[in-house]
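Here the structure comes first, spelled out in structure tokens, and everything after it is commentary.
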């Protein structure tokens, strides 16, 4: 049985980390694509040379032409300009929108049946643009956002309670930015909801609010620490979880930026919500109940995403005709 082919568009920090993780998990053969000559080839060779030590079998190829991604089962897009200190995700919009148009055309021509995961920021607008540019079914194009944001929330909670991260579940919905919505009500430790843990004296509401704020600013915190780039280990791990659920038909319930067409009262936009990912792509959108402040925060987040999408429409009106 032939191995799946996984194409990585962009061979920077996230792209290289993705390639290595795919090898370690033996998810398939890897094609690293980048416009910079030598970079994808060098990283592919370096990772391939680690395979005898790490004990995995996979082929790694570096390329500067989209032809190399032909027939890929999964395409993960990291191409674009990374966020720098003091730069908001919104600042990246016009630059990375052009990148998504080029990438979308390449995927449409060479890997039209792939499951596509977008990581490029500003995420919710970029995955929307990528889907429009590629013309692919919306259920086969998703954005990596909620898995990462939820992982950060889970880690902070596990650290606060001094428990295993495996016993912490958490959901972060909405846009992948400052307006994201960490849902305390639906987050648990070994099945015990966070509000109950406050009542039990494990933490205070004020401390919980601080953790929620830290989650919202998780990406910026790392950008400010690194000073020369942005996070790549956790984003790569998050995208791998999504790709694995698709390739192995695991049907995991994961929060991702998914195309909404009426769900949650949202139309023609990508927003972070829980979905089931299986062999058909997004197989189900899970609509959970939100009320009060949670619903207000979600609606505010949707409004922020709408603003980015509207900006995309002004910059590239031709996307709407695709």
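From the backbone N, Cα and C atoms, a Cβ is placed for every residue, glycine too.
Cβ neighbour count for residue 176 (active site, proton acceptor) (all protein chains, 10 Å cutoff from its Cβ): 30. According to Swiss-Prot, the feature active site, proton acceptor maps to 176, an assignment based on sequence analysis.
Counting every protein chain shown, the number of other Cβ atoms lying within 10 Å of the Cβ of residue 14 (NAD(+) binding site) is 27. Marked as NAD(+) binding site by Swiss-Prot on the basis of sequence analysis: 10, 11, 12, 13, 14, 15, 34, 96, 119, 120, 121.
A C-beta separation below 8 Å, combined with a sequence spacing of at least six in one chain, links residue 152 (substrate binding site) to 172, 214, 215, 218, 234. Sequence annotations record features per position, and here Swiss-Prot assigns substrate binding site to 83, 89, 121, 152 based on sequence analysis.
Within the same chain, residues at least 6 positions away in sequence whose Cβ sits under 8 Å from that of residue 12 (NAD(+) binding site) are 34, 78, 82, 232. Across the residues annotated as binding NAD(+) (10, 11, 12, 13, 14, 15, 34, 96, 119, 120, 121), the two Cα atoms farthest apart lie 17 Å from each other. For the binding-site residues 34, 119, the greatest number of Cβ atoms within 10 Å around a candidate Cβ is found at 119.
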